[in-house]
Amino acid sequence: MRPSLLQYLKLLLLLALGGVTTMHVPKQDVPSSLEELTLDGHFSFHDVSAAAQDFGNLSSFPPVAVLHPGSVADIATTIRHVFLMGEHSTLTVAARGHGHSLYGQSQAAEGIIISMESLQSNTMRVNPGVSPYVDASGGELWINVLHETLKYGLAPKSWTDYLHLTVGGTLSNAGVSGQTFRHGPQISNVNELEIVTGRGDVITCSPEQNSDLFHAALGGLGQFGVITRARIPLEPAPKMVRWLRVLYLDFTSFTEDQEMLISAEKTFDYIEGFVIINRTGILNNWRSSFNPQDPVRSSQFESDGKVLFCLEMTKNFNPDEADVMEQEVNTLLSQLRYMPSSLFHTDVTYIEFLDRVHSSEMKLRAKGMWEVPHPWLNIIIPRSMIHKFAKEVFGKILKDSNNGPILLYPVNKSRWDNRTSVVIPDEEVFYLVAFLSSALGPHNIKHTLDLNYRIIEFSDKAGIGVKQYLPNYTTEQEWQSHFGARWDTFQQRKKAYDPLAILAPGQRIFQKASASLPLPS
């Protein structure tokens, strides 16, 4: 896998000049036909600057218009209109949820942005029957889904660490967190989707109905359609969570304990690990501790320049089951090889745990440390290569530098559906590794991007077999390498559902009106 060298060089050049990546192209006249479309919602043609921003704060590509849909029909009408303009039109369309893309993936330069959050509110419906589920808009935030389903004592099974993301947004990628080892990513926990394709067709799909589109859209990076509704299976929600953290000095014990836990039948409900290279850094970011007594914060665990590893786990319980929970937790802890004096735990409500990152977000916003550039790197590493990777990256590349939390935890391949579009390593266990950097100032951004490049370059040369999660490439060769043997299937699905390459241009996979994507006869 070759890294996006050209992309990094462009970013570094622009940052050296003191700015972020902003594309300024001559403003074309907005097609008057857009204004003539009959809609339940409306277009904005002037106040569009917010749609040119994202969480990454590294790219800004202004659209020509923003659609605030009042219905799914508005989205279909708009996409169908652009489709009928034909292959010679340069107009593209991107669905934007809560704007948490990192490198402009949810943007559309001089195109149309669909503000998906306009679709939320009165569209959620919970069915609490024998096989409970919730129907949620693609623009609904997961935190709102949680609040609504908890009214029925129910909740989805699989989550992301941060809940202020849209349903359609995470399902277009994968949606991973500490529950993934058991339940799989969020894309493995979907019963049905409603999708508006690149032709403007509204299609309901599931594993049994229009299954190819269903699996294409899950993890499909928005390339095959706009997810306007998802049916998510639910399970009984616990009232409380026992939240634990322990520390390790030895990477082998740290990873072996994690692998043992994710393979056990009786285990914790959530398992994540993170790497602590710079203790000061870990205290000033969104993964900061839940309590001053947390071992990550405790002064008695000064690392003397050594890398520390923290294992974070939870056990769900209801108050009347506290004694049983205690026994189960103690049994599990007795099998682990952490530093005995580093154990810390606290009991919190289920929603307090799931929404933990938002609590840190509020503190960082108050300090002006949230809306800063986030040059993140998210990768997936085969289990067989994790020690080779860690030795070089944590021992050398990042030895003296860390601008944010580093997550590292294993998951089971058996919980992922290989019919979806997401790309994962071909091993039964693989690791999710996330370098979640915050960067203040052009020099810091440049430094972090350089570290990201060095990590990818090393992984490529050493044959680590890394796959990017939330992939960020700029050339067809890079995308072809990313998808490997699945590239042909991905291309064929694109031709079937978005033949003019109208959708999600910010992913930079296909160019509109490309000769390789002809209109079907």
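Glycine is treated like the rest: Cβ placed from N, Cα and C.
What Swiss-Prot records for this protein:
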type	residues	note
BINDING	ALA95, GLY97, GLY99, SER101, GLN105, ASP161, THR166, SER172, VAL176, ILE227, TYR469, GLN507	FAD binding site
DOMAIN	59-237	domain 'FAD-binding PCMH-type'
CARBOHYD	ASN57	N-linked glycosylation site
CARBOHYD	ASN278	N-linked glycosylation site
CARBOHYD	ASN412	N-linked glycosylation site
CARBOHYD	ASN418	N-linked glycosylation site
CARBOHYD	ASN472	N-linked glycosylation site
MOD_RES	HIS100	pros-8alpha-FAD histidine
SIGNAL	1-22	signal peptide
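Distance from the CA of GLN105 (FAD binding site) to the CA of ASN57 (N-linked glycosylation site) is 12 Å.
Within 10 Å of ASN472 (N-linked glycosylation site), as judged by C-alpha distances, the binding-site residues found are GLN105; the full candidate list was ALA95, GLY99, GLN105, THR166, VAL176. Of all the recorded positions listed here (ALA95, GLY99, THR166, VAL176, ASN412), it is ASN412 whose C-beta has the fewest other C-beta atoms within 10 angstroms.
When Cα-Cα distances from ASN418 (N-linked glycosylation site) are compared across the recorded positions ALA95, HIS100, GLN105, VAL176, ASN412, the shortest belongs to ASN412. Ranked by Cα separation from ASN412 (N-linked glycosylation site), the recorded positions GLY99, HIS100, TYR469 are led by TYR469. Taking Cβ-Cβ distances under 8 Å and a sequence separation of 6 or more, the neighbours of TYR469 (FAD binding site) in its chain are ASN173, ALA174, VAL176, ASN378, ILE379, ILE380, LEU432, ALA434. For the recorded positions given as ASN57, GLN105, ASN418, the lowest number of other CB atoms within 10 Å of the residue's CB is seen at ASN418. Listed recorded positions: HIS100, ASN472; maximum Cβ neighbour count within 10 Å falls on ASN472. Residue pairs drawn from ALA95, GLY97, GLY99, SER101, GLN105, ASP161, THR166, SER172, VAL176, ILE227, TYR469, GLN507, the listed FAD binders, are separated by up to 23 Å at the Cα level.
Counting in whole angstrom, THR166 (FAD binding site) lies 9 from HIS100 (pros-8alpha-FAD histidine) by their C-alpha atoms.
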